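Each remark here refers to the structure printed beneath this line.
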Amino acid sequence: MAAPAVSGVSQQVRYFGTSVVRPFAKLVRPPVQVYGVEGRYATALYSAASKQKKLEQVEKELLRVAQILKEPKVAASVLNPYVKHSIKVKSLSDIIAKERFSPLTTNLINLLAENGRLSNTQGVVSAFSTMMSVHRGEVPCTVTTASPLEEATLSELKTVLKSFLSQGQILKLEVKTDPSIMGGMIVRIGEKYVDMSAKTKIQKLSKAMREVI
């Protein structure tokens with residue numbers, strides 16, 4: 001019984017992707033594929049927004065939607081599974097009217113509500129943000145250190161990391177601190193992962209010593 005429901009959702013998502021653009025228009029595929037229910041909704045929205053040249057506008061509106069849904073009062077009325085559907089629809093209608101979202105964003109919200117998928121909204125926003133990040137040529141990079149880096153060291157690190165990027169790519173750097181790594185740093189850039197932490201070095205040394213003994 002579950003398969004037809006999923007199929008129905010997929011059909012509605014595909015319909016959403018073409019309902020606001022001319023019929024039979026070719027689907028614009030996002031620069032990166034995101035799987036799951038959230039990925040299907042985000043892909044349909046990306047295609048529709050791309051055709052209307054409103055990707056940036058929709059991205060801003062989705063971030064606003066995510067922000068609104070985090071508000072306790074809104075979450076209590078919209079995301080609570082025990083609240084009647086009619087009340088959720090009324091709350092969403094009020095929000096849409098107040099924010100004056102574009103038809104693209106409005107259609108997405110209404111479709112999520114209709115399919116009982118409002119709990120997936122944050123995931124859809126995240127998936128769409130990922131697509132937009134790749135669309136802009138951004139390369140995510142996370143650097144974890146035991147203590148905050150000095151400004152000069154951070155500047156030097158950025159220069160080194162940028163040297164690994166291709167032309168047109170943009171470094172999207174996030175620096176975190178985690179005292180448990182004890183020293184050194186852990187770098188994740190794109191699909192690459194390099195662990196130069198003191199903690200890992202100590203673990204490797206400990207393992208090597210045990211093997212010798």
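We number each residue from 1, going along the chain as drawn.
Glycine too: its Cβ is placed from the backbone N, Cα and C atoms.
The feature motif 'SIFI-degron', as given by Swiss-Prot for the ranges 5-23, 81-99, 157-175, sits at 5-23. For the pair K158 (N6-succinyllysine) and K172 (N6-acetyllysine), the C-alpha distance works out to 10 angstrom.
You'll find the Cα of K172 (N6-acetyllysine) roughly 10 Å from the Cα of K162 (N6-succinyllysine). In three-state terms derived from DSSP, K70 (N6-acetyllysine) belongs to neither a helical nor a strand segment and is classed as coil. Within 10 Å of the Cβ of K176 (N6-acetyllysine) there are 11 other Cβ atoms, across all protein chains. Put simply, of the modified residues K60, K73, K90, K162, K176, the one whose Cα is nearest the Cα of K192 (N6-acetyllysine) is K162. Candidate modified residues: K60, K73, K90. Nearest to K176 (N6-acetyllysine) by Cα distance: K60.
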